[in-house]
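J.: Under the heading region 'Disordered', Swiss-Prot lists 1-27, 459-483. As annotated by Swiss-Prot, topological domain 'Extracellular' applies to 1-51, 106-113, 158-170, 220-257, 305-323, 369-389, 452-507. Per Swiss-Prot, the feature topological domain 'Cytoplasmic' maps to 73-84, 192-198, 279-283, 411-430; the stated evidence is sequence analysis. According to Swiss-Prot, the feature transmembrane segment maps to 52-72, 85-105, 114-134, 137-157, 171-191, 199-219, 258-278, 284-304, 324-344, 348-368, 390-410, 431-451, an assignment based on sequence analysis.
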Amino acid sequence: MSTDGESPEEPRWKAVASPKASTMPEKRGSAQAASGSWLQGFGHPSVYHAAFVIFLEFFAWGLLTTPMLTVLHETFPQHTFLMNGLIQGVKGLLSFLSAPLIGALSDVWGRKPFLLGTVFFTCFPIPLMRINPWWYFGMISVSGVFSVTFSVIFAYVADFTQEHERSTAYGWVSATFAASLVSSPAIGTYLSANYGDSLVVLVATLVALLDICFILIAVPESLSEKIRPASWGAQISWKQADPFASLKKVGKDSTVLLICITVFLSYLPEAGQYSSFFLYLRQVIGFGSVKIVAFIAMVGILSIVAQTVFLSKLMRSLGNKNTVLLGLGFQMLQLAWYGFGSQAWMMWAAGTVAAMSSITFPAVSALISRNAESDQQGVAQGIVTGIRGLCNGLGPALYGFIFYMFHVELSELGPKLNSDDDPLQGAFIPGPPFLFGACIVLMSFLVALFIPEYRKTSGVQKHNNSTSGSLSTPPERGSDEDIEPLLQDSSIWELSFEEPGNQCTEL
């Protein structure tokens with residue numbers, strides 16, 4: 001049926017986030033009013049709200065790409081990447097321990113308070129970079145307790161989208177993350193070169209404050225009062241605070257267990273790659289600051305295309321599971337290419353493959369969301385984010401240790417290409433950690449082969465028969481969702497990119 005209320009000038013994919021394209025309870029407005037005016041925000045919850053929050057947070061950190069390398073090297077001149085791995089390891093461990101609790105609390109108390117808390121504490125260390133580097137790195141480690149913005153954001157999006165819409169919505173959110181990295185490192189590098197690192201830190205701090213103000217003023221609460229299992233005054237069981245108890249629950253569901261193992265084995269090398277790759281490009285391959293910024297921008301732009309244009313098409317044509325497998329295949333290829341590559345053009349070519357591998361995370365997030373009830377989205381995404389947080393700690397330490405074992409310290413900021421004392425000159429494997437990472441992703445690929453393509457019927461029927469199920473799954477489509485992969489309905493692609501004058505939404 002046609003959506004007469006939507007402006008022709010508005011893009012079609014807004015219907016994914018609009019309550020007109022979802023089965024939103026009519027009493028959402030009154031529920032928000034009952035929760036307090038500060039929860040209301042502007043308009044209805046939408047992908048726009050989630051994407052803007054993610055964009056500002058990672059834009060602020062993207063500005064610090066160049067200053068971060070400088071401060072890290074100056075603070076830890078010896079064994080730089082081993083120390084970086086230790087710092088990130090503490091942060092990742094704390095994220096792993098806290099993510100399930102924050103997800104469970106957001107299922108009870110709503111998403112907005114925890115969006116505000118996660119962004120505030122994640123960005124809190126930024127101004128300390130120029131005040132006291134030791135406090136800065138110490139606070140980065142401690143901030144891992146709240147570094148779970150993605151899990152809250154994905155639970156936020158799941159509250160107002162139908163199952164077959166979520167991977168598209170998740171793709172847009174993930175693409176926004178990539179978009180924030182397209183320009184922010186270049187801007188940060190320019191400001192650092194011309195005005196000094198202090199101005200970069202100041203700008204990043206202001207962007208973080210803008211993000212906090214946006215959440216406080218503009219972001220509406222997405223979780224209806226009717227779906228919350230408890231009230232603000234209810235106590236939370238300590239079992240919900242135990243991440244290992246959450247993992248035990250995961251072990252009871254073979255599908256979720258396989259997904260979590262896939263996430264761990266795929267994100268472990270990815271986290272290590274993110275922590276060391278830019279210095280690797282600079283020191284071993286010989287990239288200067290301008291080339292590194294251009295490389296980040298290229299991969300970011302291609303990632304946006306992959307997560308918006310290609311992800312939707314792949315989900316419709318291949319299904320959820322096969323899209324995950326394809327993303328893992330791209331990840332294996334790009335890591336192997338980085339491992340064997342020794343020329344600059346090889347890095348650029350592998351970067352295009354790396355951009356295509358970015359479809360894995362939104363596809364996996366949609367898969368885990370599909371296997372969770374509507375009142376357990378925060379817990380489900382929290383478990384996945386906790387595993388990713390653990391990888392954020394183990395990955396950098398693993399890569400730093402492998403570089404150390406191969407006598408590559410990467411502790412200097414200047415490029416060492418063609419240097420006589422470079423141990424990698426003439427080496428058969430210039431990047432050992434990346435090749436090792438490709439082997440780990442191969443294991444992830446083999447595990448993902450055993451993930452069932454479709455959701456369990458019993459779980460969906462229970463979901464449809466519950467009162468909370470009406471938030472995300474319309475009763476008239478309940479039986480159809482049991483046998484459809486995400487985004488199998490071709491109308492979702494039409495929602496995203498059909499000409500504005502020919503808008504038609506099929507419900």
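For all residues, glycine too, the Cβ spot is worked out from N, Cα and C.
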J.: Per the definition of 3+ C-beta pairs under 8 A with sequence separation of 6 or more, do the transmembrane segment (114-134) and the transmembrane segment (199-219) touch?
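T.: Between the transmembrane segment (199-219) and the transmembrane segment (114-134), which are separate recorded stretches, there is contact, as judged by 3 or more close Cβ pairs.
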J.: Looking at 85-105, 171-191, 348-368, 431-451, which one has the highest count of Cβ pairs under 8 angstroms to the transmembrane segment (390-410)?
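T.: Comparing 85-105, 171-191, 348-368, 431-451 against the transmembrane segment (390-410), the winner is 85-105.
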J.: Count, for each of 85-105, 171-191, 199-219, 258-278, the Cβ pairs lying under 8 Å from the transmembrane segment (52-72), and report the range with the highest count.
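T.: Out of the listed stretches, 171-191 contacts the transmembrane segment (52-72) most.
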J.: Looking at the transmembrane segment (348-368) and the transmembrane segment (199-219), are there 3+ C-beta pairs under 8 A, with each pair at least 6 apart in sequence?
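T.: Since fewer than 3 Cβ pairs under 8 Å link them, the transmembrane segment (348-368) and the transmembrane segment (199-219) do not come into contact.
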J.: Looking at 171-191, 199-219, 258-278, 431-451, which one has the highest count of Cβ pairs under 8 angstroms to the transmembrane segment (324-344)?
T.: 431-451
J.: May I ask whether the transmembrane segment (258-278) has at least three C-beta pairs under 8 Å with the transmembrane segment (199-219), counting pairs 6 or more apart in sequence?
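T.: With fewer than 3 qualifying Cβ pairs, these stretches do not touch.
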J.: Of the residues in the topological domain 'Cytoplasmic' (279-283), how many are helix, strand and coil by DSSP?
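T.: Here the numbers are 5 helix, 0 strand, 0 coil.
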